[in-house]
Amino acid sequence: MGIQAAEISAILKDQIKNFGQEAEVAEVGRVLSVGDGIARVYGLDNVQAGEMVEFPGGIQGMALNLESDNVGVVIFGSDRDIKEGDTVKRTNSIVSVPTGDELLGRVVDGLGNPIDGKGPIKTKTTSVADVKAPGIIPRKSVHEPMATGLKAVDSMIPIGRGQRELIIGDRQTGKTAVALDAILNQKSYNDAAGDDESKKLYCVYVAIGQKRSTVAQLVKKLEETGAINYSIVVAATASEPAPMQFLAPYSATAMAEHFRDNGRHALIVYDDLSKQAVSYRQMSLLLRRPPGREAYPGDVFYLHSRLLERSAKLGDDAGNGSLTALPIIETQGGDVSAFIPTNVISITDGQIFLETELFYQGIRPAVNTGLSVSRVGSSAQTSAMSSVAGPVKLSLAQYREMAAFAQFGSDLDASTQQLLARGARLTELMKQPQYSPLTNAEIVCVIFAGTNGFLDKVDVKDVGRFEEALLNHMRSKHSDVLDWITNEDPKIKGDAADKLKAAISEFASDFA
């Protein structure tokens, strides 16, 4: 059976026509050594710093050390399946994560992959994890309040939208509780805002190096309260490799910036940055970078400053969005002068200092009002709050000073005794159970009662009961006053003070 020449040429022509001209070219290298989450790779000559590379089996890594003869790559995942001689491919893209509203209500890892078992997340946009912070021109000074619902914080250490307020304290002093209450407190504001995006606040919580059980507990609380609907949880738990714990805060910030850059508002909680610094130290030492103070690398300040500078209040031309940050730092034995705490204190716009001693005395949240400050928040405080909260900080400072002296002398004059009595009641008034944030108007009423002598005749042990009963009275009989404070935001002096005094007096006369 002979094959016709024409047939042969037709087959050849057909094959030539269908031949793909596009040859896939990928720059590949080979693994020289691997261990402790670090791979040394030879042959990736044109790789960029911070570029994503791919190992066999889809494991991803990031090129961090570009040396003359090899590249130091940190591995996002288990290094058990990577061996010497494996090929490593460039992806030609800097480490990016998915961003968008589709992430709300979900729990993701440091690369944006879902880990809550609710199926894949289909986002329309991705963003580079470690982008440059906004410059000076697009920014605006902080002027809108970011209410936490905690009396001690909102009255004395106010936080504004676009601020970075550090929460610092030893282990088990309630640092996460303060941040979680701030997230839960947004529910009433977001519900009241309806479709008005300029009033809503979206929340991103980043767990760095925490126990999985702790993160699961927190997610459960967010789900129970319905706060998960406006929140994203990014988890790089203690069992994740160090590169994931290092990357998670940057990824989460990229997710939060989606809201900031679209004229909306977001709050991000980093829990906690001490563990991120530790994982970065581990990576740096394994990459053979020279150690500095406390064996941290020389650029550990830049690690945190470039992260926290991305939280900002943008001006009118940039859409008026904001990103507020609550970084958490854990101290050892109350030592605020250690390397990482001093670094982050100098980067942030104030700190909430929590003390073990106060916590064990039952003063919770255990805020040390003397050492805690808010450097820019006072301009963001509501008029009503700033007009009633002024005397509180002064009274408590005088009380602390006098209480120290009062231990020595028994015969105190009447004015000192009165100052001590009021200080004790105000301290009691600042206590607040977890998961029970109050609205701005409610805090104004409570503090007004405390500073205007309504508590002077109440026993210290009954202050909590007085506060609860007062709030119930205001909600049931004087909800118009609460609404007036919320909507009008009046300065509480003159007629406004008389109006509030009348409402509280009516209750105080019957309280027993």
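Heads up, the Cβ atoms here are built off N, Cα and C, so glycines get one too.
As recorded in Swiss-Prot, the features of this protein are as follows:
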type    : residues                                       : note
BINDING : G169, D170, R171, Q172, T173, G174, K175, T176 : ATP binding site
SITE    : S372                                           : site 'Required for activity'
Q172 (ATP binding site), number of other Cβ atoms within 10 Å:
12
Local Cβ density at D170 (ATP binding site) - other Cβ atoms counted within 10 Å:
18
Round to the nearest Å and give the CA-to-CA distance linking T173 (ATP binding site) with S372 (site 'Required for activity').
15
Extra residues within 8 Å (Cβ to Cβ centroid of G169, D170, R171, Q172, T173, G174, K175, T176), ATP:
E330, L354, T356, F359, A366
S372 (site 'Required for activity') versus binding-site residues G169, R171, Q172, K175, T176 - nearest by Cα:
G169
Which of G169, G174, the listed binding-site residues, has fewest other Cβ atoms within 10 Å:
G174
Is K175 (ATP binding site) helix, strand or coil when read with DSSP?
helix
Within 10 Å of each Cβ, count the other Cβ atoms and name the one among the recorded positions T173, T176, S372 with the highest count.
T173
Name the residue among the binding-site residues R171, K175 whose Cβ has the smallest number of other Cβ atoms within 10 Å.
R171
Using DSSP with the three-state reduction, classify G169 (ATP binding site) as helix, strand or coil.
strand
